[in-house]
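Worksheet: one structure, shown below.
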Amino acid sequence: MSGDYQLRCPTCGLRITDRYSSFCPAGHPGLLVTDYPERTLSLSGQPGIFRYESWLPVRGRLPFTGGTVTYQSDGLAEELGLAHLFIGFNGYWPERGADLVTCSFKELEAVPSMLRATERTAGILVVASAGNTARAFCQVSALTGIPVVIVVPQSALPRLWTTEPAPAALVIGVDGDYADAIAYSTALAAVDPRLIVEGGARNVARRDGMGTVMLDGAVTIGRIPDHYVQAVGSGTGGVAAYEAASRLIRDGRFGGRLPILHLAQNLPFVPMVAAWEEHTRDLQVGPGTPYTEEAEQWVSAPVLTNRTPPYGVPGGTYDALEATGGEMYAISNGLARAAGTLFTDCEGIDLDPAAAVATASLIQAIEMGTIEPGSRVLLNITGGGYDRVVEDHTLVPTPAGYRVPAGNPDDEIRRDVITWVNDHA
């Protein structure tokens, strides 16, 4: 528990008390960073993510035992010729002790985010998602009764389910893509002052929750890995890994070198890969570029599409790649499918499509020589175990309360949402 932490602006260094803050009071656009009073990582006796609660921006706990399970690979490591491949598995795989029942590392974001919101505000979070994040927030709401408003593209609605009913989750499906869902959620939050924009990449609880993947990896390996591999849509997971590794360096017990970030996107929607190849902060997305809404429809991992990622902002993905000497990879659907099959054959568990993209990028990095056979590698499997979870749990669909066009909420939606807030605040 970290009741005395502060938030720091990466541009001006100003430190502030957290009031569910997302921006520097001086107006700087960078991502706020959490400064914890505990310089060394203290491991609690709690299971899952709360093992690392000393570096989470929360005071209390929720009834939640899931977290990353890191183990040293035998099968995939031998197949790829790696001596020290460690897999950070985030999903459902009880035989390995993995208990993220929505089969995604997004639960690592949802748990501290909802706890931080209850501790720092009296409001209700409004969360925009491409699918996996929404499912995770609905699951936490189902377990705790904490109300939440979820806004997703209508195409993501089939991916919304929980293992318990979630009556305190209001789901709105937008006729559009993830960017449309983000815009609608922002407009919706303005309807009532008790509604709070969750913040996405600007939410330090999300980043520090994701950062526990790096913490668990370093604790398991005994040091910071040489390489960190993940598929990204917003790039926030890479930023989280970089921030967590920076804290481990200040700790002093896990080595003094940052891991090289290897971040992958799914062809044909790879705007961050293109920008990084040009070594520019400027992201080219939308009409007149290859990275349009139409391109988003062709990827095998829709959660990896984001037209407004925090790529070029101070403290964002560009800076994390720059600081670590990182690499980016553009992975086709075919390569991702083949890599996912290889992983399942070698390790014995099914993968989320995004995790298959990450596995394919690991293979590509080895072939390119950017990852050496003798180095210590942490592969973040951001989701998996969908086939396994249905053996133990009945999945409860989370229906949409409303299906709406993209744009601003109309008067009827505004009235209904205010009524819903009155009933749940």
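Heads up, the Cβ atoms here are built off N, Cα and C, so glycines get one too.
Copied over from Swiss-Prot:
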BINDING   N132, T382  pyridoxal 5'-phosphate binding site
MOD_RES   K106  N6-(pyridoxal phosphate)lysine
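Under DSSP, K106 (N6-(pyridoxal phosphate)lysine) is assigned to coil, being neither helix nor strand in the three-state scheme. Taking Cβ-Cβ distances under 8 Å and a sequence separation of 6 or more, the neighbours of T382 (pyridoxal 5'-phosphate binding site) in its chain are N90, S104, F105, Q230, A231, G237, D352, A354, A355, A358. Under the three-state DSSP scheme, N132 (pyridoxal 5'-phosphate binding site) falls in the helix class.
In this view, N132 (pyridoxal 5'-phosphate binding site) is surrounded by 27 other Cβ atoms within 10 Å of its Cβ, with every protein chain counted. Taking only the Cα positions, the spacing between N132 (pyridoxal 5'-phosphate binding site) and K106 (N6-(pyridoxal phosphate)lysine) is 6 angstrom. Annotation for K106 (N6-(pyridoxal phosphate)lysine): same-chain Cβ neighbours under 8 Å, separated by at least 6 residues, are N132, T133, R135, A136, F137, G383.
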